[in-house]
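Database features, via TrEMBL:
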- 78-98: transmembrane segment (TRANSMEM)
- 119-140: transmembrane segment (TRANSMEM)
- 148-290: domain 'Cytochrome oxidase subunit II copper A binding' (DOMAIN)
- 305-350: region 'Disordered' (REGION)
- 305-314: compositional bias 'Low complexity' (COMPBIAS)
- 315-324: compositional bias 'Basic residues' (COMPBIAS)
- 333-350: compositional bias 'Basic residues' (COMPBIAS)
Amino acid sequence: MISIRQGLAFVSAAMVPGAALAAATNAAAPAAPAAAAAPAIQHVAPTAGIGVPDGRLGMQDQVTALGQRAADFHNGPLLIMCAVISIFVLVLLAYTMFRFRRGANPTPSKTSHNTLIEVIWTVVPVLILVAIAIPSIRLIRAQYSPPPADVTIKVTGNQWYWTYQYPDNGGFEIVSNMLKEQSEVKAGERARTDADGPPLLAVDERIVIPQGKVVKFIVTSADVIHSFAIPAFYTKIDANPGRLNETWVKADRPGVYFGQCSELCGARHGYMPIAVEVVPQAQFDAWVASKGGTPKGAAAAVVPAAAPAPASARTTRRKPRLRRAPSPWRSLRSTRPRRPRINQRKTRQT
Ligand SMILES: [Cu+2]
């Protein structure tokens, strides 16, 4: 696995100018802040088979309702349809090869078309595609219609690490780097342990999100295209420079879930994992405070209460009216000299 990734890394290093040099010096990732403002929460260790790859075929166990819906659709109707169609085509092919072989048919049939069969083999695939498209489009609609967000996180892909900003909680930012193995770190440097997660997936700073709350991820990139992907949430979205993409998650099960950058983004593409830890709201607030942020609701207590409005004042605020910007053509029209009305004069003279 590592050798394939390293091979890919060298190929991509050759494709991206300057990437080879950066890979050699390994100087891209900034260090995480050394000291936190308050003691951090106790992070949980991963559960085997949940949120981590375990060698199985197919999808990981889903921990969001939307992910479960997608997994049910994939493992149910889609796989059954695939299997039935594959077996049907295989049997038909084998039967045709045997029944119409040259040995049994010295005089070959001259049949060139059959209208009924042609109608059937056109209409049936169309019906199958429609049967797949309707639930697929419903699923996409559910993915792209997020409920109002409780927490917003801005995710930025960098060569080759992730940064996460919490604008709803004071705007603090954390930098997340992959943890190296014990044999790879210098003395005094933090190495991966099994409590952090599996090799190539464990990170020094996890994204922490509250359990059962709608979390909106605004995803972008600082350099090249990355992809923010967490299989247990059924989430994968590109991080494009200069563009904000959006996805959302509502995870009901506490735990830690791992993902990776899923877009070939340069020499160390294989070394920018993602770890999301789902914790109860109280722990989330404690974690936010430990990072120097403000738990939601705490900000309201800090801001002084507004002076009571006079009795005559309106109780509801009127929606501000949007002023239309003056049209650029307007000034152009007023300064443009008027065209002489030659045609009209001519008609008057004649
Ligand atoms: Cu990447």
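Glycine is treated like the rest: Cβ placed from N, Cα and C.
Looking at the domain 'Cytochrome oxidase subunit II copper A binding' (148-290) alone, the prediction's average pLDDT is 93.
For the transmembrane segment (78-98), the residues of the chain that approach it from at least six positions outside its boundaries are 128, 131-132, judged by C-beta separation under 8 angstroms.
Sorting each residue of the domain 'Cytochrome oxidase subunit II copper A binding' (148-290) by its DSSP state yields 22 helix, 63 strand, 58 coil.
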